[in-house]
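**Q** Below is the structure I would like to discuss, written out as structure tokens.
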């Protein structure tokens, strides 16, 4: 079959839902859905065959089992099969509904018609194969943190979004009134999805610059630093990036970091302190957390 997708079905303990959803998102799956079966959950997700072989899905299954061991919960049962693209599109999109996030956002799937009148900021999204649909706790924590940060005088604020996925965070920043945002992701499919979502939200490319790459490429785009850094990726990657954040920083630069499990928070906090950053707040949701940080004053 051309344009085939892996349909991944996982039978799991309900307390594993968030960690499995996070793992699937980071792996590169799209359209995660959930249904209840007795005392268990059935989680389904989809991954493009062009990117993943059966061995890759087997490795994912092992990661899910290891995550369950860490959480001291029963191991999930994972099955997968190939389906064609038409089946994939209809299978997951029917499960995704508009989602309110924080006080100001409502995330609207691209294939649904948004309301003509609402007091919410409508963020339209078609994530494609990229991470970021607005349903995961880490994405919601980041959007809520941006809402707080940009509640006053956002018109001069410049944002850097590292590991931007679908572009949901940088798009959210622009909708909240930020002057400009730079978004980078190492995945070309994520870059493509983010650019399509930029167009979907009628944002000019000069206001939201989206490029393939990581912090190195971002530094080439930004010559005089940014006011805010947002980063919702794996904790291990964040730890590697923190020593370079100062290259992006202005004296009053702040940051929003998530994709971090609670048990990983101490390692993040220690690295931030070593590199001259202060943890201003730590928001928690289920087993996830979101750091709000600011640059420590120079002695």
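Backbone N, Cα and C atoms are what each Cβ position is placed from, and that goes for glycine too.
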**Q** Which of these, 163, 172, 255, does Swiss-Prot list as part of the S-adenosyl-L-methionine site with 139, 185, 232?
**A** 163
**Q** Could you check what DSSP calls residue 232 (S-adenosyl-L-methionine binding site) once collapsed to helix, strand or coil?
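**A** SS state of residue 232 (S-adenosyl-L-methionine binding site) = strand.
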**Q** Within 10 Å of the Cβ of residue 185 (S-adenosyl-L-methionine binding site), how many other Cβ atoms can you find? Include all protein chains, please.
**A** 27
**Q** DSSP three-state call for residue 163 (S-adenosyl-L-methionine binding site): helix, strand or coil?
**A** coil
**Q** Taking 10 A as the limit, how many CB atoms besides its own sit near the CB of residue 232 (S-adenosyl-L-methionine binding site)?
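**A** For residue 232 (S-adenosyl-L-methionine binding site), the count of other Cβ atoms within 10 Å is 26.
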